[in-house]
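A.B. asks: Dropping the structure in here first, questions after.
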Amino acid sequence: MATFEGTYNDNTQALKLAIVIGRFNDLVTSKLLAGCQDCLRRHGVNTDPEGAQIDYIWVPGCFEISLVAKKLADSGKYDAIICLGAVIRGDTPHFDYVAAEVSKGVAAAAFQTGVPVIFGVLTTDTMQQALERAGIKNNLGWGYALSALEMASLMGKI
């Protein structure tokens, strides 16, 4: 029996990535993006928007992330897709609908295409919680980038 495991440094200069970012709550999503870019840069990926390694796609909000991620995955051009967003609970059930649908949609995009689609959408009760998860001490954007690198590596091995 073989054991397969992805790594973070398997020829990262050859990867083609897409990052889909929800513009709603951009105070948070822009910080997640910065953390994601920092991680990718430190692992040898050219994060320049004018470069050839990463396409950045901004969408109005989290609900639109799944559709765009699926279209990108269907294109066959990407080794991994990272989806970044922030859904913050309010006074209505809107939070529940958006959070549920974006998580299902991102998972479906990966299952239906075989392309790693990383779920980097924060679901928090308050803006403060979201900012803490996208801050200097603990920016989850970094972890989402690592997941993309590891999954792209793993999918190339199995």
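In case you wondered, yes, glycine gets a Cβ from its N, Cα and C as well.
The active site, proton donor annotation in Swiss-Prot covers HIS94 and is backed by sequence analysis. The 5-amino-6-(D-ribitylamino)uracil binding site annotation in Swiss-Prot covers PHE24, CYS62, PHE63, GLU64, ALA86, VAL87, ILE88, PHE119. Annotation comment: Swiss-Prot describes ASP91, THR92, ARG133 as (2S)-2-hydroxy-3-oxobutyl phosphate binding site.
Could you place these features in context, so I can see how deep they sit and what lies close by?
C.D. replies: Using a 10 Å radius centred on the Cβ of HIS94 (active site, proton donor) and all shown protein chains, the other Cβ atoms total 12.
Same-chain residues at least 6 positions away in sequence with a Cβ under 8 Å from that of PHE119 (5-amino-6-(D-ribitylamino)uracil binding site) are, in sequence order, CYS83, SER103, VAL106, ALA107, TYR144. In this structure, PHE119 (5-amino-6-(D-ribitylamino)uracil binding site) is part of a beta strand by DSSP.
Following the DSSP three-state reduction, the secondary structure of ASP91 ((2S)-2-hydroxy-3-oxobutyl phosphate binding site) is coil.
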A.B. asks: Over the residue list PHE24, CYS62, PHE63, GLU64, ALA86, VAL87, ILE88, PHE119, recorded for 5-amino-6-(D-ribitylamino)uracil, what is the maximum interresidue Cα distance in Å?
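C.D. replies: If we measure all Cα pairs in PHE24, CYS62, PHE63, GLU64, ALA86, VAL87, ILE88, PHE119, the largest is 16 Å.
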A.B. asks: Going by Cα-Cα distance, which of the recorded positions (PHE24, PHE63, ALA86, VAL87, HIS94) sits nearest to ARG133 ((2S)-2-hydroxy-3-oxobutyl phosphate binding site)?
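C.D. replies: So, of the listed recorded positions, the one sitting closest to ARG133 ((2S)-2-hydroxy-3-oxobutyl phosphate binding site) is ALA86.
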A.B. asks: Of ASP91, THR92, HIS94, which is closest to GLU64 (5-amino-6-(D-ribitylamino)uracil binding site) if I measure between C-alpha atoms? They're all recorded positions.
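C.D. replies: Going through ASP91, THR92, HIS94 one by one, the Cα closest to that of GLU64 (5-amino-6-(D-ribitylamino)uracil binding site) is HIS94.
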A.B. asks: Check the DSSP secondary structure of ALA86 (5-amino-6-(D-ribitylamino)uracil binding site), expressed as helix, strand or coil.
C.D. replies: strand
A.B. asks: Quick check: in three-state DSSP terms, what is PHE63 (5-amino-6-(D-ribitylamino)uracil binding site)?
C.D. replies: helix
A.B. asks: Sort PHE24 (5-amino-6-(D-ribitylamino)uracil binding site) into helix, strand or coil using the DSSP assignment.
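C.D. replies: Looking at the DSSP assignment, PHE24 (5-amino-6-(D-ribitylamino)uracil binding site) belongs to neither helix nor strand, so coil.
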